[in-house]
Amino acid sequence: MLKVLLPLLLKVLLPLLLKVMLMLCFLSPDGFKNYAVGHCVFNSSEMKDIEYICSFYYNKDEFIRFSSSVGEFVGYTELGVKIAERWNNDTAFLAMARAEKETVCKVNIENWYPHTLAKKVAPSDVTLSSVTPPGGKHTHMLMCSVYDFFPKHISVKWLRDGKVTTSDVTSTEELADGDWYYQIHSHLEFTPRSGEKISCMVEHISLSDPLIRDWDPSLPESERNKIAIGASGLILGLILSLAGFIYYKRKMQGQSAGPVQTSSDQFNLFCLGHWTSLYLCSPVLVSLYRSRPP
């Protein structure tokens with residue numbers, strides 16, 4: 001019964017499948033039974049590069065296929081061979097299958113190829129950064145990160161003094177961002193040499209010339225800012241300490257001719273002279289000191 005119904009069922013459903021390029025599945029409690037898939041294979045929008053393929057499966061095994069490059073149906077099982085022979089002898093049905101390359105593939109490819117598939121987007125950012133090596137014979141590791149490019153294929157190379165190096169280089173695959181764009185990261189382990197110039201070179205179809213980023217061995221801006229802030233604080237501290245010392249010396253010189261210095265004055269001088277420890281004398285400390293003079 002199945003051998004009689006299956007060819008008739010496929011023949012009725014094939015025109016709809018070829019027109020709208022949908023997958024048709026018949027499901028049963030014990031799994032897949034029958035489905036068909038049609039797709040276009042191409043490298044460009046030119047008709048000579050397009051191949052239309054429609055495959056039929058039963059229990060996940062392909063048993064018959066139509067390919068525009070062959071021009072007829074081919075069976076891969078005993079049942080598939082019989083169905084292919086019947087469909088190939090149906091002149092009108094075979095002509096319809098052969099026309100799908102023009103009516104289905106070409107129309108859709110002309111719409112999709114120039115607007116989506118042939119789109120070229122240059123990398124939005126190429127950065128070089130120093131990372132911690134995993135622990136080997138080298139003391140340094142650089143990472144070259146390339147972001148937001150399309151299409152997928154890209155070339156990332158390392159240059160040492162202008163020459164391409166492939167030793168101690170590892171790279172990730174092109175990683176999909178989920179928004180049609182990709183990113184990739186390449187690592188170079190090396191032992192620094194005096195005066196050596198290290199660069200990352202990116203080649204992509206969207207770039208007319210290779211994009212080169214040179215490694216700057218100086219400290220990154222964030223580290224330079226930290227050092228500048230620390231140095232400024234140190235200089236300010238020295239100035240305040242010197243001002244406190246001068247003030248204290250002048251007070252001591254005036255004690256010989258002036259009145260006796262109170263404990264509160266002594267405590268205020270103590271605060272100025274030891275600003276690095278106290279910075280500021282709070283009212284609580286002053287009151288405690290006055291209540292318990294030395």
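From the backbone N, Cα and C atoms, a Cβ is placed for every residue, glycine too.
Curation does not apply to TrEMBL; its annotations are automatic.
Annotated domain 'Ig-like' per TrEMBL: 123-212, in sequence order. Counted with DSSP, the domain 'Ig-like' (123-212) comes out as 0 helix, 49 strand, 41 coil.
Residues annotated as signal peptide in TrEMBL: 1-25.
The transmembrane segment annotation in TrEMBL covers 227-248 (among others).
Annotated transmembrane segment per TrEMBL: 269-289 (among others), in sequence order.
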Local confidence of the prediction over the domain 'Ig-like' (123-212), expressed as mean pLDDT: 92
